[in-house]
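Reading through the structure tokens given below for one structure.
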Number of protein chains: 4
Amino acid sequence: MPITPDQQAEIDAARTDQHTTMRATVPGMEAHLYKAHEVLDHGFIRVIDYMGDDNAIVQAARVSYGRGTKAVQNDAGLIRYLMRHWHSTPFEMCEIKLHVKLPVFVARQWIRHRTANVNEYSARYSILDREFYIPAPEHLAAQSKQNHQGRGGVLEGEEAARVLDILWADSNRAYDHYEEMLDQDGQDGLARELARMNLPANIYTQWYWKVDLHNLFHFLRLRADSHAQYEIRVYADAICKVVADWVPHAFAAFEDYRLGGAQFSGKGMDCVRRMIAGEQVDQASSGMSAGEWREFQAVLQG
Amino acid sequence: MPITPDQQAEIDAARTDQHTTMRATVPGMEAHLYKAHEVLDHGFIRVIDYMGDDNAIVQAARVSYGRGTKAVQNDAGLIRYLMRHWHSTPFEMCEIKLHVKLPVFVARQWIRHRTANVNEYSARYSILDREFYIPAPEHLAAQSKQNHQGRGGVLEGEEAARVLDILWADSNRAYDHYEEMLDQDGQDGLARELARMNLPANIYTQWYWKVDLHNLFHFLRLRADSHAQYEIRVYADAICKVVADWVPHAFAAFEDYRLGGAQFSGKGMDCVRRMIAGEQVDQASSGMSAGEWREFQAVLQG
Amino acid sequence: MPITPDQQAEIDAARTDQHTTMRATVPGMEAHLYKAHEVLDHGFIRVIDYMGDDNAIVQAARVSYGRGTKAVQNDAGLIRYLMRHWHSTPFEMCEIKLHVKLPVFVARQWIRHRTANVNEYSARYSILDREFYIPAPEHLAAQSKQNHQGRGGVLEGEEAARVLDILWADSNRAYDHYEEMLDQDGQDGLARELARMNLPANIYTQWYWKVDLHNLFHFLRLRADSHAQYEIRVYADAICKVVADWVPHAFAAFEDYRLGGAQFSGKGMDCVRRMIAGEQVDQASSGMSAGEWREFQAVLQG
Amino acid sequence: MPITPDQQAEIDAARTDQHTTMRATVPGMEAHLYKAHEVLDHGFIRVIDYMGDDNAIVQAARVSYGRGTKAVQNDAGLIRYLMRHWHSTPFEMCEIKLHVKLPVFVARQWIRHRTANVNEYSARYSILDREFYIPAPEHLAAQSKQNHQGRGGVLEGEEAARVLDILWADSNRAYDHYEEMLDQDGQDGLARELARMNLPANIYTQWYWKVDLHNLFHFLRLRADSHAQYEIRVYADAICKVVADWVPHAFAAFEDYRLGGAQFSGKGMDCVRRMIAGEQVDQASSGMSAGEWREFQAVLQG
């Protein structure tokens with residue numbers, strides 16, 4: 001239950017507050033505004049504000065290309081053209097602001113995307129809540145044997161139980177001690193900015209995160225990808241659903257060209273051409289390393 | 001007359017298009033939306049969209065500082081505190097999108113502010129209009145004798161007339177030749193991307209420019225400053241008026257701390273302290289160079 | 001002749017100044033340092049400084065991935081892996097600083113790449129030289145009939161002569177008038193920041209441009225591309241030659257994966273798979289628009 | 001002891017590797033290269049590479065301002081002028097690359113400076129070492145009573161002992177459990193990307209951090225400030241010492257104008273002027289709030 005009854009009442013109140021505007025407005029986004037979409041055991045994403053729509057992308061492209069673009073193509077076609085040719089600036093004309101609650105180890109990955117605006121809850125200034133991410137049993141993955149940076153099968157039985165016990169007990173003990181160190185009954189109480197260092201990386205934090213659509217697509221391409229860590233991918237997936245309602249043409253183009261697309265090297269293109277011409281190509285004749293050939297085949301199989 | 005009757009009709013139409021939204025809405029900005037504020041002889045700025053208001057700044061700060069901030073201060077006081085202490089991230093939570101028409105030599109200065117999103121009219125793709133900036137007589141400034149990068153008095157009489165004649169004639173001849181080179185009657189016509197090279201830096205271009213409030217304040221601090229070139233300063237001044245209607249508390253803080261404020265070096269602070277203590281300080285005893293001392297005195301006199 | 005004898009003497013002097021350093025040093029880049037590589041009729045690029053080499057990329061990747069990466073792969077293989085998987089941060093660990101002389105209309109395209117550091121010659125402060133880009137006859141291209149943003153055949157005969165005459169005469173007249181307006185014999189002289197507005201977009205400017213290798217590759221991918229305007233592509237080509245001497249493994253990977261590679265949409269991948277399976281696919285059965293299908297076929301043909 | 005004998009041997013080896021270069025070289029920085037400057041109990045900063053020197057700043061400014069700057073001022077004076085007038089781009093022409101080992105809670109503050117390049121040790125890919133920051137007794141500060149975000153006196157006696165016991169025991173228990181969860185003896189072993197979530201914020205991480213001098217000064221202004229948290233300030237202080245050896249003129253200007261300088265609002269300047277004129281000003285007549293007046297007085301007292 002990431003949202004308390006008090007928070008829900010605040011959200012409901014915000015949603016009754018209607019204004020009149022001449023700005024571009026998207027009914028699908030109005031339906032999302034302020035609502036919490038739950039992610040993981042205590043996390044969420046909430047849309048706090050948005051600027052622009054599919055038409056704002058088209059409008060910006062037409063400022064660039066002048067009258068010429070007006071007749072030629074319909075909006076969806078123009079947006080597909082822009083996406084296909086990496087004309088990124090029109091997508092930068094849309095902006096979204098999210099309120100996100102997420103575990104600290106996810107926040108540490110997320111913040112590496114530098115072209116966004118962030119206001120994070122300050123544990124120097126305030127006291128964090130006792131909320132920790134504990135994986136659901138089906139996400140308690142083993143280390144991959146092949147891939148240093150991946151997951152293998154799911155832990156089972158006693159090993160799973162032991163891991164969950166550790167995570168649960170250590171989180172709560174760390175929080176008990178955090179409170180004890182801060183506590184001031186007859187004592188000075190450790191500074192908040194120091195006490196927080198005892199808290200583990202699965203504690204939840206929260207932030208406002210504001211980003212333009214081009215940079216959001218870049219984030220989603222990397223984080224909604226199957227190689228991304230599950231715990232950040234679920235946030236990316238939740239955001240994808242929102243974006244599909246916000247800018248449906250742009251999102252459809254993004255799905256086709258980025259999420260669903262593939263990229264080949266010069267060597268890879270040689271192989272593709274030879275294969276289309278009917279030739280049997282194997283690793284030896286491909287000019288690729290074993291790893292690259294394995295990845296190439298995986299892409300071809302889809 | 002920067003706006004044609006057709007364009008005015010489009011603006012009027014856009015302004016009749018009312019929507020209902022739950023987003024933060026600022027009546028003062030709704031009054032500006034789409035309207036052209038004229039700048040120079042053919043330029044303008046127009047607000048195309050905005051996100052957030054004074055309250056969005058406060059809200060973002062409170063996400064960072066938690067419950068503590070709620071009781072302590074009123075909104076205006078909190079915004080002043082953020083501005084005074086260079087806590088810039090809450091100001092990044094507001095965003096504005098402008099449509100700007102401006103001479104190319106102004107655009108070249110403006111674009112140096114990198115943290116913004118831009119879609120400029122493409123002279124590779126489209127044909128530019130015959131519109132040139134010709135200074136009004138009272139802005140036909142002479143080169144400053146003291147300052148390599150400044151203006152002195154206003155040119156007068158024959159010299160002024162000669163300058164205006166040159167600017168007028170050269171601009172129009174360049175444009176005539178631009179059209180001639182593009183013209184395809186029985187000829188191939190030079191590529192647009194080449195023909196544009198004949199056009200002078202006072203031709204008008206236009207762009208959509210989107211920026212967050214923190215970076216906008218940085219732009220305005222530099223460009224609404226008395227040392228900025230007049231031709232960009234008038235754009236900054238026009239934007240200042242819009243921002244004052246958009247986020248009145250933030251703009252008041254910006255005026256007091258940035259536009260109206262001053263900054264001293266360690267040496268300067270020593271002098272200030274000695275002067276408050278009643279000492280007479282001159283350049284020799286200040287430890288400053290002649291130039292620095294001159295600037296220091298100018299700041300003290302205001 | 002972009003370089004005067006005085007400038008050449010300065011370059012020669014700088015190249016005799018040898019120092020001892022423990023930093024990563026690349027002999028191939030030492031051979032380039034300070035020398036002018038001529039571009040267009042008066043332009044050049046010069047390497048002023050560089051930081052890092054192929055090994056710096058590998059080293060940064062190994063800080064990220066820890067001991068695991070040490071045994072697995074050789075340096076070239078690791079660099080290819082990073083490029084293939086868009087792991088861009090290790091490439092950001094290399095930095096280059098160039099001195100570039102270029103026409104203003106090229107500078108206007110170039111500056112749109114925001115993630116770089118720039119110091120440009122200031123025409124507010126100083127007086128520009130009388131140097132203009134005049135295309136060589138073989139680059140005097142006609143407007144493309146198909147593509148709004150492209151070039152067709154080369155202009156010939158009288159039309160070519162007329163264009164060259166215009167460019168030459170207008171440039172020089174504009175410069176004559178620029179000097180006249182600045183001139184102060186018994187007059188005030190127009191401020192430099194105003195007089196420059198009479199100068200056309202083919203006048204040369206210059207700047208120091210400093211960028212990291214990741215962002216440089218992004219620039220080169222867009223500007224060394226066959227769709228880029230010829231006048232910026234020649235700069236990108238000249239930089240490519242330098243980069244090949246600086247970080248040969250990284251540049252080889254960039255050539256294979258970016259310059260020589262191709263990208264398909266989800267729809268495109270479906271077609272590729274069907275074609276490899278021996279199916280005849282045409283536009284109707286591809287699910288693509290006419291334009292997209294044309295581009296798809298062009299990519300397949302290479 | 002942040003550096004193992006093996007690491008020290010590697011550093012010593014790197015420092016024997018001498019090259020010849022024509023690039024700008026700073027003897028003071030050569031003395032720092034690769035060496036570890038210890039910070040906190042297990043942290044360090046090391047200079048891995050640098051580009052440019054004081055002269056590179058001057059050179060870039062002269063590209064901008066042209067010949068005019070040559071005669072007028074000496075280098076130190078020009079650098080002071082640039083700093084005083086916030087001409088930041090010449091400072092961007094210098095670049096430094098550091099290897100930093102630091103606690104995670106410090107890294108989380110540090111990474112908020114977005115305009116830098118970072119490669120961090122990946123706990124998805126590799127296993128972290130058992131190294132935790134435990135404050136020295138004299139830095140075991142109590143929460144400030146006045147300032148939500150500050151420190152008061154030092155904890156003493158039993159309370160101090162209890163805090164140190166908690167930090168020590170919890171860190172080590174968390175690490176024991178981290179190892180147990182990863183351990184694969186007859187078990188699958190939890191994925192590294194999950195196991196890391198049990199580790200507290202005082203564990204050490206490391207990264208390569210590359211930044212230009214302008215953005216480094218911005219970082220140092222905020223983090224070498226007395227309001228910065230002690231545990232990041234010691235890193236900023238260590239970097240300041242390196243920068244003073246790298247670009248002595250620029251650092252001296254930074255110390256005078258930024259670290260040692262002060263800034264006043266418009267209201268503050270009114271008060272300063274009245275005080276210099278001999279008037280007694282108190283809060284009531286200052287127009288400032290109580291908090292602002294307190295800060296104003298603190299600045300005046302220095």
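Every residue gets a Cβ built from N, Cα and C, even glycine.
Under the DSSP three-state reduction, C:ARG223 (active site, involved in ionization of N3 of dUMP, leading to its activation) is assigned to helix. Annotation comment: TrEMBL describes C:ARG223 as active site, involved in ionization of N3 of dUMP, leading to its activation.
Annotated FAD binding site per TrEMBL: C:THR89, C:ARG112, C:HIS113, C:ARG114, C:GLU120, C:ASP212, C:LEU213, C:HIS214, C:HIS218, in sequence order. For C:GLU120 (FAD binding site), the same-chain residues 6+ apart in sequence whose C-beta sits under 8 angstroms from its C-beta are C:ALA107, C:THR205, C:GLN206, C:TRP207. DSSP classifies C:GLU120 (FAD binding site) as strand under the three-state reduction.
Annotated dUMP binding site per TrEMBL: C:GLN109, C:TRP110, C:ILE111, C:ARG112, C:GLU120, C:TYR121, C:SER122, C:ALA123, C:ARG124, C:ARG196, C:ARG223, in sequence order.
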Recorded positions in contact range of chain B, given that the Cβ distance is under 8 Å, out of C:SER122, C:ARG124, C:LEU213, C:ARG223: C:SER122, C:ARG124
Rounded distance in angstrom between the Cα atoms of C:LEU213 (FAD binding site) and C:ARG223 (active site, involved in ionization of N3 of dUMP, leading to its activation): 15
Separation of alpha carbons, C:THR89 (FAD binding site) and C:SER122 (dUMP binding site) (Å): 33
C-beta crowding around C:THR89 (FAD binding site), within 10 angstroms: 21
Max CA-CA distance, Å, over listed FAD-binding residues C:THR89, C:ARG112, C:HIS113, C:ARG114, C:GLU120, C:ASP212, C:LEU213, C:HIS214, C:HIS218: 27
Recorded positions among C:GLN109, C:ILE111, C:ARG124, C:LEU213, C:HIS218, C:ARG223 whose Cβ lies under 8 Å from any chain D Cβ: none
Cα-to-Cα gap, C:ARG124 (dUMP binding site) vs C:HIS218 (FAD binding site), nearest whole Å: 31
For the recorded positions C:HIS113, C:ARG124, C:HIS218, C:ARG223, the one whose C-beta sees the most other C-beta atoms within 10 angstroms: C:ARG223
For the binding-site residues C:ILE111, C:LEU213, the one whose C-beta sees the most other C-beta atoms within 10 angstroms: C:LEU213
Recorded dUMP site residues C:GLN109, C:TRP110, C:ILE111, C:ARG112, C:GLU120, C:TYR121, C:SER122, C:ALA123, C:ARG124, C:ARG196, C:ARG223, farthest C-alpha pair in Å: 29
Top Cα neighbour of C:GLN109 (dUMP binding site) in the set of recorded positions C:THR89, C:HIS218, C:ARG223: C:ARG223
Between C:THR89 (FAD binding site) and C:ARG223 (active site, involved in ionization of N3 of dUMP, leading to its activation): CA-CA distance (Å): 21
CB contacts for C:GLN109 (dUMP binding site) [other CB atoms within 10 A, all chains]: 19
